Amino acid sequence: MATRSKVWISLLLALAVALSSPAVRAEEAAAAAEEGEAVLTLDVDSFNEAVAKHPFMVVEFYAPWCGHCKALAPEYEKAAKSLSKHDPPIVLAKVDANEEKNRPLATKYEIQGFPTLKIFRNQGKNIQEYKGPREAEGIVEYLKKQVGPASKEIKSPEDASSLIDDKKIYIVGVFTEFSGTEFTNFMEVAEKLRSDYDFGHTLHANHLPRGDAAVERPLVRLLKPFDELVVDSKDFDVAALEKFIDASSTPRVVTFDKNPDNHPYLMKFFQSSAPKAMLFLNFSTGPFDSFKNVYSAAAEEFKDKEIKFLIGDIEAAQGAFQYFGLKDEQAPLILIQDGDSKKFLKDHIEADQIVSWLKEYFDGKLSPFKKSEPIPEANNEPVKVVVADSIHDVVFKSGKNVLIEFYAPWCGHCKKLAPILEEAATTLKSDEEIVIAKMDATANDVPSEFEVQGYPTMYFVTPSGKVTSYDAGRTADEIIDFIKKNKETSGATTTTSEKAADPATTAETVKDEL
């Protein structure tokens, strides 16, 4: 998946968090502050020292304006107080990634939205996403497991009963002995993926609750609460093990609704780089069962294709509808986003059209669609408005030097930047070779020439087609100085555009209404 799509993944994952986050009163946060914080506050100056000092530390990257961060704060503090008494102590820390001086940390650790929690192990040599609960008791329970062995030995059926939850994925290595290449590779994968899954190892498959007990060891057995309940693999190559776990640990058809039990699979679905087929309809009205049955059969028919399937309730998937520019009245609809972020859409689809439409996609017979706002009839302000249908004409074919900002309407940094861009554009309006423009990246598809990982992101495009990430300051004078230093004079010949490096931007996430 193109890097620019990370922003919409953050939006959708934030929705999942919002649906499962506990409600928190403001007085609870105030009370926690009065008692003194157990959470360690870090910044860019103290961060590396803290990581080096603590072999295991959890860091929350937050923004003061973020509603989800405010909801998490008292729960995180309660967990920190409890975990400080653990032997050894488990340290919880936080960084204001919204603060200017700390933005290099947000960039370094690829913070795409708030709050983001990461686990730092072995003095930062191993960094993993925190994917556990967001309430105090769950945080404590999850992190206690994270500091123990990556895989627990199963010595009896009683051990298996206490460790294996039939509502969760559990991965067990079955061995003849706890040594050798296979066991070493299994433990390496368990350590690497321990924040995502629970692992166990045993000498006896008959201790396990499901699957054939008469197995040829060694093998890896994945137990899951969906589709086929037991899947085995005998390939102990590390990369092959990871691929097996990834492929087997997501339902053949992921459900996007308000049920928190589905959220882990939803996150894995959107984080995957594979093409994605998404069927959206109203779960509470209409022929839901017939659509689900046909769609599940289609997922089975095309299981050998590199594509993942999702069925979503339009009431729960408004974030996706906003991102893709869809309307409720278009449902039932099916949408495919491929690995190059091209999108293919069939709205008002009937259940009996699903398979044939998918076949057309796999046969390359479908034309992609583009999300775009209407081209403005009047565009007389100093900062020009650009949409997906006009961006190539304004930016690449105008023969001008164009500074373009990609923004989100809800983004606080974008609102702060708006009058500054206006001032710079007003100052430069007499130079006919310069254009300052902006595009709402939440309402328009961003062309492949640009990578938008956060808001605001700015690029500078010259008449010759050279694309440069804007990495200067955010004052009007600094913007003007950058443009003057990088502008090309008229008459330059058009060449193939050069892609710039990833933009150094600080990601923001959706507002509290999600």
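Each Cβ is built from the backbone N, Cα and C atoms, and glycine gets one as well.
Computed from a predicted structure; not experimentally measured.
Among the features that TrEMBL reports, signal peptide is placed at 1-26.
Taken from TrEMBL, the feature domain 'Thioredoxin' covers 20-148 (among others).
Under 8 Å, Cβ to Cβ, and six or more positions away along its own chain, C69 (disulfide bond) finds E60, Y62, A63, F114, P115. Taken from TrEMBL, the feature disulfide bond covers C66-C69 (among others).
Sorting the domain 'Thioredoxin' (369-488) by DSSP state (H, G, I as helix; E, B as strand; all else coil) yields 33 helix, 25 strand, 62 coil. Sequence annotations record features per position, and here TrEMBL assigns domain 'Thioredoxin' to 369-488 (among others).
According to TrEMBL, the feature disulfide bond maps to C411-C414 (among others). Close to C414 (disulfide bond) in the fold, though at least 6 residues off in sequence, lie E405, Y407, A408, Y455, P456, each with a CB less than 8 Å from its CB.
If you look up TrEMBL, you'll see 490-514 marked as region 'Disordered'.
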Checklist entry - If you run through the domain 'Thioredoxin' (20-148) with DSSP, how many residues end up as helix, strand and coil? => result 56 helix, 26 strand, 47 coil
Item to check | Cα separation, C411 (disulfide bond) to C66 (disulfide bond) (Å, whole number) | outcome: 11
Checklist entry - Quick one: mean pLDDT on the domain 'Thioredoxin' (369-488)? => result 92
